[in-house]
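I have placed the structure first, in the form of structure tokens, so that the comments after it can refer back to it.
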Amino acid sequence: MAAHNLCFNSAFVCNVHHQKTQHFPCNAVSKTTSTHAVTFHRRSANYRPPLWDHQYLLSLENIYVKEVETAEKAILFKEEVRKTLNEIEGSIEQLEMIDSLQRLGISYHYKHEIHDILRKIHDQHGEIERETQDLHATSLEFILLRQHGFDVSQDAFDVFISETGEFRKTLHSDIKGLLSLYEASYFSMDSEFKLKETRIYANKRLSEFVAESSKTICREDETYILEMVKRALETPYHWSIRRLEARWYINVYEKKHEMNPLLLEFAAIDFNMLQANHQEELKLISSWWNSTGLMKQLDFVRDRITESYFWTIGIFYEPEFKYCRKILTKIFMLIVIMDDIYDIYGTLEELELFTNVVEKWDVNHVERLPNYMRMCFLFLYNEINQIGYDVLRDKGLNVIPYLKQVWTDLFKTFLTESKWYKTGHKPSFEEYMQNGVISSSVPTILLHLFSVLSDHISDQTLTDDSKNHSVVRSCATILRLANDLATSTEEMARGDSPKSVQCYMYETRASEEEARRHMQSMISDSWDIINSDLKTAHTSSLPRGFLAAAANLNRVVQCIYRHGDGHGSPEKTKTVDYIQSVLFNPVPL
């Protein structure tokens, strides 16, 4: 498999403003065409209107970044932190500071310094465990080196294993070390069974620690570590959205023993300044969305512009990715619209016709479509061609044929699922997953991401030479399964075709609980593959920025679908809290 070729195709409160809630009395709507005296009974998912409407988004104002003094402080603090980072001595002290910078969300200011420090530590790898045999230090070194693409073996933890093959009993009370060990275990790759066993061991002991702590009053110096353990058990840092984690950690960091006040103050100011930038971007994107007028014609689709923008913040929040966020927000909204048309509203005849028109990619065929589909096709056609123009202008390559093809592939899988629903077909688990990795929309998302993000695109990197690139397939598997775990029960209740959980149950006679455990295991295995790609990022011909963004997409997916359908029904999950903390609620200064 050629590592540099990507396969994207079929081979593969703050005063939150709530609109008045609308209620839909039934699950089907009637549609009579003016041309034919035929009445179609169309389904409806009863999606609620947006929680944040256009006027509310336009009213956003971040009071913490208006003062010139705040911006001046940010510049001063930024350089003071840089000076501290460059002057700090001792490997463990350097690792601790890098970890704090990352968790506080300000490490993007010091990418070169961090890389140089980690490269030197990697060149001297093994000194920490040889000198200290400290579980926390060894684990943190392992985490940061793998996180930044340096090669380090799981054998680094062998020094903590007794002659009986188990972790030494003296580690039982080393909660700080066990927490770092637990976090390190999530960087496992395929066949690294020792790390997988380590995860089970650390999880068990940390869970016992939380249970024991609930029976007593924690000392002040234990509060920080207890909160960190609870957070990790809920979501390991490696699987968490970086911006969301930074917002949480800023509040927790001040409880840490020997915390650095300079880092804390700079992190708070920087978070608010970035949040203000994101709010301005969201206003512009909301204005674009409002100007399309689509929601006046397509009242059956999910109006989720804020949620879609939140996805892009999870993928890359840094200022230099403003254009990428704009493009991806548009792609997410296009996917949502088309998914709802295929999944809920369109008739089979309409969907087959629409798929055919998209494959031809010719506006001369638009008159064959019903009116609502004409609008959708022209919207898709114009937006994708504009992206293609931007890439041609900036990078000299015509990507429109590739973009058109990946949308065609996506709609063909949507159509397949619609046929399954109409005919009552129950696919095998393998059949479902072969279709599902494409219908997940990940190949579509990643192709657009690669086109606008990479400076080294070519026909070769976009051509389907490798039938199943590991990055694309692994990310697609995670989104497909995470989405199914969160939404399949509700979708089955409204009569949808079987999802992965049900297909696995039918095929293996497993219980729903067993099937869900299997899906979680597949998600974990997919992360192992992604970890392998991240570990070899420095030698991969794929841009590291692309690999990191793909991993971040998985983090958003698992966050959005952890407690239910956080995109379609955010009010029923924690998505509302997540969005408010990242986009609307500044850090008090």
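Backbone N, Cα and C atoms are what each Cβ position is placed from, and that goes for glycine too.
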Residues flagged as motif 'DDXXD motif' in Swiss-Prot, choosing from 99-103, 339-343, 459-463: 339-343
Per Swiss-Prot, member of Arg302, Arg393, Arg516, Arg517 binding (2E,6E)-farnesyl diphosphate alongside Asp339, Asp343, Arg480, Asn483: Arg302
Residue numbers, six or more beyond the limits of the motif 'DDXXD motif' (339-343), whose CB comes under 8 Å of its CB atoms: 45, 47, 298, 300-302, 351, 354, 373, 376, 411, 414-415, 417-418, 441, 496
Integer Å distance between the CA atoms belonging to Arg302 ((2E,6E)-farnesyl diphosphate binding site) and Thr487 (Mg(2+) 3 binding site): 15
Fewest other C-beta atoms within 10 angstroms, as judged across Asn483, Thr487, which are the binding-site residues: Thr487
Stretch-averaged pLDDT - the motif 'DDXXD motif' (339-343): 94
Extent of the (2E,6E)-farnesyl diphosphate binding site in Å [max Cα distance among Arg302, Asp339, Asp343, Arg480, Asn483]: 19
